[in-house]
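Here is what Swiss-Prot says about this protein:
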DOMAIN    38-256  domain 'Radical SAM core'
BINDING   Cys53, Cys57, Cys60  [4Fe-4S] cluster binding site
BINDING   Cys97, Cys128, Cys188, Arg260  [2Fe-2S] cluster binding site
Amino acid sequence: MEVRHNWTVVEVKALMDKPFMDLVFEAQLVHRQYQEANYVQVSTLLSIKTGACPEDCKYCPQSAHYRTDVDRERLMEVESVLDAAKKAKDSGSTRFCMGAAWKNPKERDMPYLLDMIKGVKDIGLETCMTLGMITSDQAGELSGAGLDYYNHNLDTSPEFYGNIITTRTYQDRLDTLSHVRDAGMKICSGGIIGMGESVNDRAGLFVELANLPQHPESVPVNMLVKVKGTPLEDAEDVDPFDFIRLIAVARIMMPESAVRLSAGRESMNEQMQALCFMAGTNSVFYGCKLLTTPNPDEDSDMQLFKKLGVNSHQVAQKPDEVQEHELLDRVAERVASRPDKNDLFYEASV
């Protein structure tokens with residue numbers, strides 16, 4: 001199968017309409033052609049600045065437009081971020097993502113962000129940030145500091161976008177992705193399923209992503225987490241089989257990309273997650289929260305990986321580091337005696 005950048009909505013809908021087993025089987029064949037079998041890359045995300053976001057994204061509890069239980073927090077100190085990164089690495093994560101609830105970063109914040117990137121790199125983790133829209137100059141600064149990935153989701157199709165967000169345009173998002181790519185960083189970009197969009201809109205989202213000049217290196221597929229106080233708190237639930245189909249479609253359309261199972265995983269049982277892995281998922285967020293919404297805890301993840309015979313990737317393996325299978329065994333063994341979850345970690349729909 002060739003890597004394409006000329007998909008149409010009609011083609012994608014035809015994929016989505018295939019018998020479920022045929023679609024998942026095809027996706028797994030593509031996965032094994034382009035990806036390493038039985039491996040899942042593990043990322044941890046920390047909210048480095050929480051709440052009071054001026055954007056009006058209807059799904060987001062961090063928006064200042066809605067009354068939710070999310071408290072406003074200032075930008076974290078660099079040392080606190082690095083402490084969290086060390087704990088993430090010790091827990092088995094290979095990439096550390098830092099998210100800030102901004103429309104865009106201010107110039108006064110850039111020195112702190114650059115120090116965070118350099119510090120996390122020194123710890124031995126890949127780095128990712130999601131800071132809202134960035135200029136070409138800011139992208140260059142982030143890249144120069146060593147940022148590996150920048151997350152900026154398209155969220156949905158261009159046609160449905162205005163129903164969800166009005167404070168930034170679809171083109172604003174595409175421009176940010178262009179700045180990221182031009183600066184030499186890798187792109188993390190996906191969308192959210194379950195916001196009231198149509199089948200056409202779901203197909204349109206993946207067409208936009210797959211028809212970029214270069215596919216995103218990471219494609220997070222989020223299932224809406226309905227939060228009280230947001231306009232989408234009463235949105236209709238997503239059918240699990242429809243969601244798994246979309247994972248398979250993403251794998252087939254973007255075979256070289258990591259397809260990440262992101263927000264909404266807390267509500268998925270082990271069987272649904274296993275089918276997502278079968279359909280082509282090979283990356284997850286790991287830990288107690290997804291920015292401000294629940295996520296399966298790390299022990300549950302490691303136990304599931306062990307049941308499935310899946311090992312998490314390590315970015316840089318030093319001679320004295322614990323081997324992957326030993327890490328899985330160690331975490332599984334300490335489930336019963338583990339202390340309370342550390343609320344320092346957050347996982348996000350990125």
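From the backbone N, Cα and C atoms, a Cβ is placed for every residue, glycine too.
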For Cys188 ([2Fe-2S] cluster binding site), which of the three DSSP-derived states applies: helix, strand, or coil?
strand
Around the recorded [4Fe-4S] cluster site, report the further residues of that chain (criterion: Cβ within 8 Å of the mean position of the Cβ atoms of Cys53, Cys57, Cys60; site residues excluded), sequence-ordered.
Glu55, Asp56, Tyr59, Pro61, Gln62, Ser63, His65, Ala101
If H, G and I count as helix, E and B as strand, and all else as coil, what does DSSP give for Cys97 ([2Fe-2S] cluster binding site)?
strand
Average the per-residue pLDDT over the domain 'Radical SAM core' (38-256) and send me the rounded value.
92
At 10 angstroms around each C-beta, which of the binding-site residues Cys53, Cys128, Cys188 has the fewest other C-beta atoms nearby?
Cys53
Cβ contacts of Cys57 ([4Fe-4S] cluster binding site) (under 8 Å, same chain, 6 or more positions away):
Ser63, Asp155, Ile164, Ile165, Thr167
For a quick check of understanding: among the binding-site residues Cys60, Cys97, which residue's Cβ has the most other Cβ atoms within 10 Å?
Cys97
Just jot down the residues in the same chain as Arg260 ([2Fe-2S] cluster binding site), at least 6 apart in sequence, with C-beta under 8 A of its C-beta; none if empty.
Ser43, Cys188, Gly190, Ser218, Val219, Pro220, Val221, Thr281, Ser283, Val284, Phe285
C-alpha spacing of Cys97 ([2Fe-2S] cluster binding site) relative to Cys53 ([4Fe-4S] cluster binding site), in angstrom:
18
Whole-number Å value for how far Cys60 ([4Fe-4S] cluster binding site) lies from Cys97 ([2Fe-2S] cluster binding site) (Cα to Cα):
18
